[in-house]
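> Take this structure, written in structure tokens, and hold onto it; I'll ask about it next.
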């Protein structure tokens, strides 16, 4: 990872790095599909009007304009004023909401989908923050109503998916907006959005400054500020957070509802994903319009990387007239994870190409016969290349070696086939119809440092 | 396919349509990897300077500008003048060339890669021509030189890949620029690019008008124009094109070289991909900077759709100082193919979700036990959902039925498990540790009209 991107904020991987990324993507897809999530993709562009639908956004959006426009004008140009101008999506939630509304007549609700695509944000690039990056989202969306159970399920699916990746230990930190807002109301703070905005800064500016903010901007008393901070200080890996909240002596119906919801999530997680999910009452999720469960996720020991998976519950992910589509979902920052895996050598591909066997050429006329051997190997799932020229065998072996191709196939003039493991030098007589490499050599393995290699699907 | 895209030129698929697209993408990936092609992705944006590097381009490019730029200006805005401005790539060849130059020190040459990504062109949308679409490219690139054999191999790999797709019969139509240019020189026409440009219009305007063009624009004589048209009229599925060209009585070294190259491609194809590859001496490939083999591909019976796979040989795909990187590659228009498959019902997914089994709930307290059953099924690769609410069994069966989920799992109060095939109504006692659905129901199948279903990987 000595290389830096030639365009800041737009990372690109070498083939052996891309294999690690593919392993991550394939693993996520496999887990999502095992849980019945259907794949969709949405177009990369939305209208500016759609992107700004929820009002204020804090994302930097890239607008589009056609270069070769004859009038020299910019009909597609993303001016703030032009709601019909096109721009690249900055997340997968806004496009998904639009997709649900447009296709509501064709979808079966509750609709569960996964979506793995690139998104773009014109922000200042830094580690963990790219301008083009891949997100992997799962959401369940209902028509009119959506049982709370999906909040529990989504958290468990994500815990399972992240557990299958070659990454360090992680923690899903879960809170509930109803719990927080009910609590703030219970202590007499009515601008709950304002309180959340301040609490969101806790990690950045510390409790003393948050208390100041609460008092100066929201008119909180000393006691109110302290109570809000006490709530935000609660973090438990079990159900003890319930008693800790109750001990603060605040009573409010919304608080009770949120407490009950969060209890359901943590209760299931303690059993089904032990150690992976915490109740963390400091989680606020800034400007986003969540209405219940909220989640952020950190890699243990890599907390400064920021959240690698975030999301939560929207009472109205989308709406169409009076019809509301509540949703709950989480979004994994794939590029953020892959960048960290690569920069810290957390996992490695066993070779830089899919090829398991190189069929060598004894002379240039044998290319057709070599292709026959290759076709037989491929027909049994063995990735195979044929040498393009009958160079010296040493050179052909070097060709394989440079790419990490483990086996080179030779055919003698008398038609005898032999295959050489170029790592050990061991060479055996083999038949193209039956020979198989060991399973660990058949396809590229992505191995975690110190763990059992995982197979790339 | 009654739906039309909500934004013209930006197609989006329903979940059951996306399954067809995924099947196409998975199939291409599998074939490419079996042939040892490594995956890479490049960033979606290039600088305008990079996109215009080859001089004139006939593609409509989308430039980018940051909407929330504080100065109200457009620093990233794609003006023609600003070479550093950012724009979306319009193909995968230009970005690949840049990638090769930037990473030449890290790659093993000849380097073979596949690249499956979206590209964007701001053209007028029509069937087969979208503004955002997916291409699947394979290329082999050499350092300094690249044996011609790769031209042969690339054509065979593509023929194998297309044969594995749920599409009608196809024809790769292959020509060779050396053959054509040598021939034109041999008959005394020196503006070979000009002749190619005219010949490229053959299908659109017919031979009489092409002859007029050749005479009026390039000063060709009647006889020269007729010879050029005679050459373009040659199309054979075997090696007889060689004799037909020779019969035109033109002699030129470059012509001989091209004739020999094309003969190698067709000779291998006759043996290894019979009926799939033609020598078609009308293929010109317009403005693109090919230097040898050129390929276009049509779906038989869908010729008006245009080429579904095109490409060829560049003597200098990229260069770095004096160092040249010759390449040969082909690009499949995935979105064009998938649009046609869907609009003409050429293939269909067996259900709209990955789920094979819905675990029903007898009462709401059983959710945990149902999750245990689901986890056991998933651990053996069976995609499984759990009902979110203990609704009437009829309603839970309807939930499965609407999605095409073939099996519903019931657990009685005494712990007996039963699984019902909701298509036949047949219900059997089953154990979550051992029960397997038939292979055809395990994962979604994509079936071609009248063909054996193919398994989605």
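Numbers here mean position along the shown chain, with the first residue as 1.
Here the Cβ of each residue, glycine as well, is placed from N, Cα and C on the backbone.
Whatever TrEMBL says is automated annotation, not expert-curated.
Feature table excerpt (TrEMBL):
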type: BINDING; residues: A:91, A:92, A:93, A:121, A:135, A:139, A:285, A:289, A:290; note: L-histidine binding site
type: DOMAIN; residues: A:110-354; note: domain 'Aminoacyl-transfer RNA synthetases class-II family profile'
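Tell me what's around each of these sites.
Annotation for residue A:91 (L-histidine binding site): same-chain Cβ neighbours under 8 Å, separated by at least 6 residues, are A:59, A:119, A:135, A:331. Annotation note: residue A:91 (L-histidine binding site) sits in a coil segment as assigned by DSSP.
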> For the binding-site residues A:93, A:135, which Cβ has the most other Cβ atoms within 10 Å, all shown protein chains included?
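Per the Cβ count, the most surrounded site is A:93.
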> For residue A:290 (L-histidine binding site), what is the tally of other C-beta atoms lying within 10 angstroms of its C-beta?
22
> Using all protein chains in view, find how many other C-beta atoms are within 10 Å of the C-beta of residue A:285 (L-histidine binding site).
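Neighbour count, Cβ to Cβ under the 10 Å cut-off: 18.
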> If you measure every Cα to Cα pair among A:91, A:92, A:93, A:121, A:135, A:139, A:285, A:289, A:290, the residues listed for L-histidine, what is the largest value in Å?
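Maximum Cα-Cα distance: 22 Å.
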